[in-house]
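The signal peptide annotation in TrEMBL covers 1-23. The transmembrane segment annotation in TrEMBL covers 57-73, 80-99, 111-130.
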């Protein structure tokens, strides 16, 4: 089963939501205050309260979960051999890009080379899927 352009774009959006929110979640979680309670249940409740009342953490978390929901919905109609490489590989690329924009040290030329090779690999996967679709249409 080959993927349509809409499915590929949905998977790229998933990657953007997953990868783009990781540096934001990392930054927000590093600023959280440590909570200490006597029992594990109270500790869990206090940690959840701390997380869910912190909008700096909650907004990227919500967007990340929207990416997961979109991924789940897209998997219903997309070939798994295309969905996993697109979403997971490009998520790393988006993480590096957003991290760089936020001023994180994401590596030098090696990181850039890795990003470019990842994008080329994903493009090859997508082109292979498109050529399969065109081959199936011309056989009809």
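Using N, Cα and C of the backbone, Cβ positions are placed for all residues, glycine too.
Cβ atoms under 8 Å from those of the transmembrane segment (57-73) belong to residues 10-11, 13-18, 20-22, 24-25, 28-29, 32, 51, 83, 87 of the same chain, restricted to positions at least 6 beyond its ends. Long-range Cβ contacts of the transmembrane segment (80-99) within its own chain (Cβ-Cβ under 8 Å, at least 6 residues beyond either end) map to 2-3, 7-8, 11-12, 14-16, 18-20, 22-24, 71, 74, 106-107, 111, 115, 118-119, 121-122, 125-126, 129.
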